[in-house]
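A.B. asks: So that we are looking at the same thing, I have put the structure below in structure tokens.
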Ligand code: ATR
């Protein structure tokens with residue numbers, strides 16, 4: 001029907017004004033010819049569920065089909081859904097909700113962060129993870145989303161290093177059964193040892209301007225060192241990595257890849273990510289300049 005209203009989505013979080021997701025999804029929609037309108041949904045810290053439910057119920061500007069969820073609501077989003085994908089279940093956190101009707105089973109919670117991270121490392125950065133030694137720093141929501149998909153890529157070892165050891169241990173215990181091909185362990189950052197091929201920073205330390213939580217000897221020569229943050233928040237980690245002979249990578253590629261996977265969950269169509277990542281880098285560089 002011509003003139004039909006677009007299907008609506010949004011990124012729900014606090015804050016959301018700087019989110020790049022509306023730009024990314026607008027590019028995906030344009031590229032794939034999908035009729036999609038993607039906005040921002042600022043949720044008060046104490047009213048995530050009511051804000052999302054109100055958004056989902058208002059079809060005046062087009063049918064509302066789903067949302068992405070960002071900090072600090074990924075755990076609440078997981079709780080809110082009627083159904084969860086296995087990867088969301090493993091992470092105990094969701095970054096994607098699909099508002100399926102009750103007669104379709106109800107709202108579905110998914111977590112596309114880890115798949116996005118693995119695709120960015122393997123396809124965009126060109127580092128196959130199979131047989132590699134991987135260090136994952138952090139054991140919060142960001143690390144929880146990443147661990148399952150990282151293990152599915154079958155590194156030879158994967159060490160989760162976290163300031164609060166018990167959180168790393170809990171995360172590792174929850175993933176023991178997917179770690180068949182991988183030696184999986186939990187430690188504190190000072191115990192990390194040396195010579196990892198891939199080092200992933202999934203902590204909030206850079207946001208707080210804190211020191212890098214691990215010693216530089218964790219970096220094998222030519223290692224890939226990826227911070228899940230981007231922009232100014234990733235700068236310290238990337239400078240540290242480059243200064244110690246590693247190849248630094250920010251979280252923009254992961255951001256675009258997790259968005260592409262969410263777009264697929266909603267629309268059943270896989271967008272091309274590389275032109276969108278290039279456009280996003282250019283857009284952010286222009287803003288910074
Ligand atoms: P997110 O959802 O972004 O992962 P989170 O769940 O609050 O946020 O987790 C933050 C992570 O960053 C945790 O691993 C946290 O370590 P603790 O579990 O010990 O709190 C880590 N983190 C935060 N500040 C840090 C710092 N200054 N040094 C090292 N790790 C830090």
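Keep in mind that glycine also has a Cβ here, set from the backbone N, Cα and C atoms.
Just so you know, TrEMBL annotations are computer predictions that nobody has curated.
Pasting the relevant annotations from TrEMBL:
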type: ACT_SITE; residues: 74; note: active site, proton acceptor
type: BINDING; residues: 19, 20, 21, 70, 95, 113, 230, 258; note: shikimate binding site
type: BINDING; residues: 138, 139, 140, 141, 142, 162, 163, 164, 165, 166, 167, 228, 251; note: NADP(+) binding site
type: DOMAIN; residues: 11-97; note: domain 'Shikimate dehydrogenase substrate binding N-terminal'
type: DOMAIN; residues: 128-206; note: domain 'Quinate/shikimate 5-dehydrogenase/glutamyl-tRNA reductase'
type: DOMAIN; residues: 251-281; note: domain 'SDH C-terminal'
A.B. asks: For the recorded shikimate site formed by 19, 20, 21, 70, 95, 113, 230, 258, which further same-chain residues have Cβ atoms within 8 Å of the site's Cβ center?
C.D. replies: 11, 68, 255, 259
A.B. asks: Please state how far apart, in Å and to a whole number, the two most distant Cα atoms are among 138, 139, 140, 141, 142, 162, 163, 164, 165, 166, 167, 228, 251, the recorded NADP(+)-binding residues.
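C.D. replies: Max span of the NADP(+) binding residues, Cα based, is 26 Å.
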A.B. asks: How far apart, in angstrom, are the most distant Cα atoms among the shikimate-binding residues 19, 20, 21, 70, 95, 113, 230, 258?
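C.D. replies: Value for the max Cα separation, rounded to a whole number: 18 Å.
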A.B. asks: Nearest to residue 95 (shikimate binding site) by Cα distance: which of the recorded positions 74, 138, 140, 165, 167 is it?
C.D. replies: 74
A.B. asks: Taking a cut-off of under 6 Å between Cβ and any atom of ligand 1, tell me which of the binding-site residues 19, 138, 167, 258 pass.
C.D. replies: 138, 167
A.B. asks: With H, G and I counted as helix, E and B as strand and the rest as coil, say where DSSP puts residue 95 (shikimate binding site).
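C.D. replies: Reduced to three states, the DSSP call for residue 95 (shikimate binding site) is coil.
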A.B. asks: Give the sequence-ordered list of residues that share a chain with residue 258 (shikimate binding site), lie 6 or more positions from it, and have CB atoms under 8 Å from its CB.
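C.D. replies: Those within reach of residue 258 (shikimate binding site), by Cβ under 8 Å and sequence separation of 6 or more, are 95, 112, 113, 115, 116, 117.
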A.B. asks: Below 8 Å Cβ to Cβ and six or more residues apart, same chain only. Which residues does that give for residue 165 (NADP(+) binding site)?
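C.D. replies: In sequence order, the residues whose Cβ lies under 8 Å from that of residue 165 (NADP(+) binding site) (at least 6 apart) are 186, 187, 188.
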A.B. asks: To the nearest whole angstrom, state the Cα distance for the pair residue 230 (shikimate binding site) and residue 251 (NADP(+) binding site).
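C.D. replies: The separation of the Cα atoms works out to 5 Å.
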A.B. asks: Considering only the recorded positions 19, 20, 21, 70, 74, which residue has the minimal Cα-Cα separation from residue 140 (NADP(+) binding site)?
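C.D. replies: Nearest candidate: 74.
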A.B. asks: Could you state the whole-number distance in Å separating the C-alpha atoms of residue 74 (active site, proton acceptor) and residue 251 (NADP(+) binding site)?
C.D. replies: 18
A.B. asks: If you measure residue 19 (shikimate binding site) to residue 251 (NADP(+) binding site) at Cα, how many Å is it?
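C.D. replies: Here the two Cα atoms lie 13 Å apart.
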A.B. asks: Using a 10 Å radius around each Cβ and counting other Cβ atoms from all shown chains, which of the binding-site residues 20, 95 yields the largest count?
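C.D. replies: Of the binding-site residues 20, 95, the highest Cβ count within 10 Å belongs to 95.
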A.B. asks: Rank the recorded positions 74, 163, 167 by the number of other Cβ atoms within 10 Å of each Cβ and report the first-ranked residue.
C.D. replies: 74
